[in-house]
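Below you'll find the structure, written out as structure tokens, and then a few comments.
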Amino acid sequence: LRVNHTYLKRLVLPYVTILLALVQAQSESQQPKIQLRLAGDKRKHYEGRLEVSYNNEWGTICDDDFSIEAANVACKELGFLGAVAWSPSAKFGQGEGRIWLDNVHCTGREKSLAECPSNGFGVSDCRHSEDVGVICNQKRIPGHRFINTMNNNVETLEERVEEIRIRPISSHLKRIPVTEGYVEIKERGKWRQICDEDWTPLNNRVVCGMYGFPGDKNYNNKAYKSLSMRKKKNYWGFSVNCTGNEAHLSSCRLGKPLEPKRNGTCGRGLPVVVSCVPGRAFAPSSSTGFRKAYRPEQPLVRLRGGSNIGEGRVEVLKNGVWGTVCDDNWNLRAATVVCRELGFGSAKEALTGAKLGQGMGPVHMNEVECSGFEKSLTDCYFNNDALGCSHEEDAAVRCNIPAMGFQKRIRLSGGRNPYEGRVEVLTEKNGSLVWGTVCSENWGIVEAMVVCRQLGLGFASHAFQETWYWAGDASADNVVMSGVRCSGTEMSLPQCLHHGKHISCPKGGGRFAAGVSCSDTAPDLVLNAQLVEQTTYLEDRPMYALQCALEENCLSSTAKKNDHSSYRRLLRFSSQIHNVGQSDFRPKLGYHAWTWHECHRHYHSIEVFTHYDLLSLNGTKVAEGHKASFCLEDTQCDEGIQKRYVCANFGEQGITVGCWDTYRHDIDCQWIDITDIKPGDYIFQVVINPYYDVAESDYTNNVMKCKCRYDGYRIWTYHCHTGELQKKKLY
């Protein structure tokens, strides 16, 4: 009997395929229904202790045999692109209840942890000290619906939420930012309203927080009630139950399913409306820009070292001195208290390990514990004893901020990468919006900083007054903004001072247009104020020993008239300049532009590196010093950091992150010539990088001021502070 194998294959193969599909469908239907969530001591919303819900009960997973493949499966099941890492031994704290899974073995191709072989649900010999945690990729799977991570209802395990929005009514459409409107959820491609049955102020708090607002307020309900009566409603089928501390509405628990009425209403029949209170920096405006920069009041808490608004190292004011917060127990709840206190929304991230740079001075707070509803971080419980905490453990935050649309009105053109190029802004001209360039006259690093911040590209590394090497959009060559002067606190370039309708730019645009290059990181120089206070003294020095200093203009102008036998009275001190930023501080100019000073036998890499001044109590300068950069080098570094810069033998100059350059009191020009001043009370001031020659992440800490008293024979310096002198304040 001869068999036609080809015919047999065609006849049997479809049935085999159907049979395999049925077997697979049956096996999937037999797989236990589970749900995952990230819990514990989290510092980011995409990390935490991995917990699983099975049989309507939440439990943990043991770290035995867990792998990065299993973490990938879990993170994808949670809606993230994958896993970055996993952590054993209850890194995110010990869980409670059952340990549902142990000895989990995944290949990475499974769609759910339930598909991975294990000992079986509830079969484990582990303790909660072995609870496993995961760190997921923060990017979400496109189109993946959010899992309701705090849901305890088995009936709604399959419920997903894709997206949430605040939809304003027509009278609010032009307001920036959007602070009020219907709360709508996108479910299976359609936008649906939420019924206000069981809706609470805590839910409002969560919605406002995720959109960058610190709180909510009452609103005029008449307009919304009238509008809802006229329009057909399409309600989402569940109520929501938030605690008020969730980072996102999708993390709130689902309430009971709502029974739809015949007329499409529910309960009182009104869709949820939320009205949020913006922080002072984000007051809504009918225009697209801001005429004036926001100038914040002096709070007890501030952020420093962040590249964007709403992020930075957390610093608190105690007894008139700014200090940092130790990252022990630092979590999203404490970070959110900081964010809301400063006028932002809830925290996106609670950063540890000095991720946004190291601070200076004392560590004021340790082991912070917040309920999440405190008005200030200083109201939270904390340990005054910060023994063992160094600035390598400084805590930081990234907050949710409102969508202001700033990035849509500016662009960089012609650069080799997205971080550099000619600055082009969108402006209104003759009733239409056109792109144009910015006049480069007096364009500097502070203005460039504002551009990089507005684009969300970090810090400025350089400001360019000629951009001939960047061929931007030819249709945007015309200058549309001139006379730009920024203070550095602005969120967008239009907030800076600039000419109005009458543009004035002698060189014009094109190749003379303003340009920038941006960087994710920047250095940050801070003077050790305590050392200045401890090392200040007077010295009477003869003119014959000051000839080199005279040549380098380190003495007051009257010194030129003195003979060699006369004396000058010098206020001497040591200065220790730390780089607490995130990248090395390097001179703006290269070797070829450094100046050789024969008298002192060294190169000056920056012509004016610091200003030393003595001021009257009303701020008038009465005596000054002038210090060029003798050489920028690493005198000393924190433990574990290698020195990189030494200026001997025409070496590389700079200050490494975590290192400092010390100018001792006995070095030439390390003084202020006070020969001609009268006894009295003064202010002693030191300014680093006074002309902003090099970009830094924070210029506010470049000034150090001390109170100073001179009686004609002795001098006292006291209350030395970095930044402006603070009023004494206790909390």
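Each residue, glycine too, has its Cβ placed from N, Cα and C.
Where the annotation comes from TrEMBL, it is an automatic prediction and has not been curated.
Between Cys126 and the candidates Cys62, Cys75, Cys106, TrEMBL annotates a single disulfide bond, the one to Cys62. Of the listed cysteines (Cys370, Cys399), only Cys370 is recorded by TrEMBL as the disulfide partner of Cys380.
When the domain 'SRCR' (36-137) is classified with DSSP, helix, strand and coil residues number 16 helix, 34 strand, 52 coil. Listed in sequence order, the residues of the same chain lying 6 or more apart from Cys106 (disulfide bond) and placing their CB within less than 8 Å of its CB are Ser67, Glu69, Ala70, Asn72, Val73, Leu113, Cys116.
Mapped onto DSSP classes, the domain 'SRCR' (410-519) shows 20 helix, 40 strand, 50 coil. Around Cys486 (disulfide bond), the same-chain residues at least 6 positions away in sequence with a Cβ under 8 Å from its Cβ are Val446, Glu447, Met449, Val450, Leu493, Gln495, Cys496, Leu497.
Counting in whole angstrom, Cys242 (disulfide bond) lies 22 from Cys380 (disulfide bond) by their C-alpha atoms. Counting residues per DSSP class in helix, strand and coil order gives 16 helix, 38 strand, 46 coil for the domain 'SRCR' (301-400).
Scoring each of the disulfide-bonded residues (Cys136, Cys242, Cys370, Cys380, Cys496) by how many neighbouring Cβ atoms lie within 10 Å, the top position goes to Cys136. It is 23 Å from the Cα atom of Cys75 (disulfide bond) to that of Cys126 (disulfide bond). The Cβ of Cys126 (disulfide bond) has 18 neighbouring Cβ atoms from other residues within 10 Å, across all protein chains displayed.
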